[in-house]
Amino acid sequence: MATQADLMELDMAMEPDRKAAVSHWQQQSYLDSGIHSGATTTAPSLSGKGNPEEEDVDTSQVLYEWEQGFSQSFTQEQVADIDGQYAMTRAQRVRAAMFPETLDEGMQIPSTQFDAAHPTNVQRLAEPSQMLKHAVVNLINYQDDAELATRAIPELTKLLNDEDQVVVNKAAVMVHQLSKKEASRHAIMRSPQMVSAIVRTMQNTNDVETARCTAGTLHNLSHHREGLLAIFKSGGIPALVKMLGSPVDSVLFYAITTLHNLLLHQEGAKMAVRLAGGLQKMVALLNKTNVKFLAITTDCLQILAYGNQESKLIILASGGPQALVNIMRTYTYEKLLWTTSRVLKVLSVCSSNKPAIVEAGGMQALGLHLTDPSQRLVQNCLWTLRNLSDAATKQEGMEGLLGTLVQLLGSDDINVVTCAAGILSNLTCNNYKNKMMVCQVGGIEALVRTVLRAGDREDITEPAICALRHLTSRHQEAEMAQNAVRLHYGLPVVVKLLHPPSHWPLIKATVGLIRNLALCPANHAPLREQGAIPRLVQLLVRAHQDTQRRTSMGGTQQQFVEGVRMEEIVEGCTGALHILARDVHNRIVIRGLNTIPLFVQLLYSPIENIQRVAAGVLCELAQDKEAAEAIEAEGATAPLTELLHSRNEGVATYAAAVLFRMSEDKPQDYKKRLSVELTSSLFRTEPMAWNETADLGLDIGAQGEALGYRQDDPSYRSFHSGGYGQDALGMDPMMEHEMGGHHPGADYPVDGLPDLGHAQDLMDGLPPGDSNQLAWFDTDL
């Protein structure tokens, strides 16, 4: 059959008028039917359109060749001869396309292929038959491989057990080659004797090549569940663990990847690896430098440590925390960083590993990756930092981490914001440097904005409020922070959090924050205008009722509601009202809510810190003559006189101040006796001071801050939210109080609460006592 070039040569030889007609047609934009040019009137074999073997040829290529012309011409007889050759070899072309192996060697067959990049129709039609042929061949070869392996396995098993190490080496090489083919690989794994021989040879050989081949064979088998089971049953795990001590990198790679496959897919493999000492060997391998090898090793450690405390302790004893932190600090390979962060996350919930990771610089190392493009890496680092952060409150060099965390508060990812808020809450607890740093990088504004955005998502609002509570207390920037919350429109949302649907942990944190905000006089009026005082009183009454009810039923232990003791709420609300009462207008509101009888009752509390805040708020209220008279009318003189002998200096001082203010309109003789009593009580441990002071001579009204909380007061501790840090320089103490000591607890009245007027009508809005606990828990997940 003629080629396309031949056909064009023939057309050139046609009569001039026809050639001119065709050229004229090519230069026109209309479509030619062929009537005038004769373009479609030639025989099918000459037109190039009737042959099913030929492809449609690109017109541009034809035109280009046409314009170039041809150097060779063909006669009509030559064309007929060429056409005959193509017709005679059609069967051979089909056979060559479908069954090329049937052709005689050296046979030349004319090709109809014009463009080598485009197969002819026959070639394309032959593809399925070729695929079928290859499938049949593969099936035959597979069967041959399986039969060969089945026949060879018994003999190879004997050779692997031979005493001659040269023979063993040759057998190991042959078995390794067989394991690379699927059919023979299945035959090997179905022979327990062969697998046992491979394991035994690998474990006992001193030859590097033999160890490499046997380990490679087990690696190939481990890609199948049947192979994993065969390795496990043959005692392969102890042998593979032993191979982790090999100095040969290829053996190490085969061993760790095989163990990795076993840990992932074979039941019982984890315990077997632990019993074989695999954890210690794997930790020792963390000093290698191949990042892909390290990624597999760290993933093995994560699988072994997850949910297993003993494994975590073994990793700790083997120096794992330091090695893992070094990896996080050194490498940039994302998969390695991700697998390593997963191990650290698992270890970070272990109370023993946690300080070790922190001491190794884990906080700073993890902080390096918080801006990584990999979201899975960032999330793992944040989870780990969150778990570690309560043990890192004394760490230095956290400036970079704190700045990044403040930036992450603006993230659109809820998980990122939740973790960042929790970490900031813990890191700002009891660490004045961290507090100042967060304030200086805009932390107050970011946290207020976070609370505003969070709405009723307490997993975000609780840590954010706790962080604000820490930042508004006991450091050089505290007053600025107290003002900043107001300036960034935070007071309305803070007071709103005292109301439903807030649960007790969040309410407790919010009460502490309000207490700190009240330390700034500029916040007194805004807090009052937002309705903070009535709500604090409502919460106080509700919590006190709870403790009263339990006491009347004979209960001795403090009850937790959603992880919060009601005694903590009593102390927190009373402490906040104490600071708010420094403002004369606030005192009027507090007194108007008929709270004095309740404060007097709290003087009988068996908890020393509740006694202190109750005496403190009475001290502020007693500045007003009307309130002082009401306090005395409620019978406060007896408990206050008793509290003069308290071992807590703050309690005794406040009690003395209240008694002194109550005596201002009493006769001079009464004042004299009271002064002597107060002096003897307050200076009972300082005889020289007693001798030097015949009279108190205290101007209670001018004392001001002297009656506030003192930094050197040993009983001064924190009001903190469970799990979000405990700022000992923040709110009044609310945990682990001394239940004993000298106090009038036996006389504590339990016969109901005083009427609080309109405040009582809103009590139904308080959170229920049996809501699910929202405290923070560390988990492996």
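Placement of Cβ uses the backbone N, Cα and C atoms for every residue, glycine included.
The O-linked glycosylation site annotation in Swiss-Prot covers S23 and is backed by similarity to another entry.
Look at Swiss-Prot and you will find A2 tagged as N-acetylalanine, backed by similarity to another entry.
Sequence annotations record features per position, and here Swiss-Prot assigns phosphoserine to S23 (among others) based on similarity to another entry.
Look at Swiss-Prot and you will find S29 (among others) tagged as phosphoserine, backed by similarity to another entry.
Here Swiss-Prot flags S33 (among others) as phosphoserine.
The phosphoserine annotation in Swiss-Prot covers S37 (among others) and rests on experimental evidence.
Sequence annotations record features per position, and here Swiss-Prot assigns phosphoserine to S45 (among others) based on a large-scale study or a structure entry.
Per Swiss-Prot, phosphotyrosine is recorded for Y64 (among others).
Under the heading phosphotyrosine, Swiss-Prot lists Y142 (among others).
The Cβ of S191 (phosphoserine) has 18 other Cβ atoms within 10 Å, all protein chains considered. For S191 (among others), the entry in Swiss-Prot reads phosphoserine, with the evidence type a large-scale study or a structure entry.
Look at S246 (phosphoserine): DSSP puts it in coil. Residue environment of S246 (phosphoserine) contains 18 other Cβ atoms, counted within 10 Å of its Cβ in all protein chains. For S246 (among others), the entry in Swiss-Prot reads phosphoserine, with the evidence type similarity to another entry.
Residues annotated as phosphotyrosine in Swiss-Prot: Y331 (among others). For the recorded site, Y331 (phosphotyrosine), the DSSP three-state label reads coil.
The phosphotyrosine feature in Swiss-Prot is assigned to Y333 (among others); the stated evidence is similarity to another entry. Long-range Cβ neighbours of Y333 (phosphotyrosine) (same chain, at least 6 residues apart, Cβ-Cβ under 8 Å): V291, K292, A295.
If you look up Swiss-Prot, you'll see S552 (among others) marked as phosphoserine, on the strength of experimental evidence. S552 (phosphoserine) carries a helical DSSP state (H, G or I). Within 10 Å of the C-beta atom of S552 (phosphoserine) sit 11 other C-beta atoms, taking all shown protein chains into account.
What Swiss-Prot records for S675 (among others) is phosphoserine, and it gives a large-scale study or a structure entry as the kind of evidence.
For 2-23, the entry in Swiss-Prot reads region 'Interaction with VCL'.
Proximity of distant same-chain residues to the repeat 'ARM 5' (319-360), defined by a Cβ-Cβ separation under 8 Å and at least 6 residues beyond the stretch ends, is recorded for 283, 286-287, 291-292, 294-295, 298-299, 301-302, 305-306, 309, 312-313, 366, 368-369, 372, 374, 376-377, 380-381, 383-384, 387-388, 391-392, 395, 778-780. You'll find the Cα of Y331 (phosphotyrosine) roughly 63 Å from the Cα of S552 (phosphoserine). Sequence-distant contacts of the repeat 'ARM 6' (361-389) (same chain, six or more residues past either end, CB-CB distance under 8 Å): 321, 325, 328-329, 334, 337-338, 341-342, 344-345, 348-349, 354, 395, 397-398, 400-401, 404-405, 408, 413, 415-416, 419-420, 422-423, 425-427, 725, 778. In the predicted structure, the repeat 'ARM 8' (442-484) carries a mean pLDDT of 96. Across the repeat 'ARM 9' (489-530), DSSP classifies residues as 29 helix, 0 strand, 13 coil. With DSSP classes pooled into helix, strand and coil, the tally for the repeat 'ARM 2' (193-234) is 35 helix, 0 strand, 7 coil.
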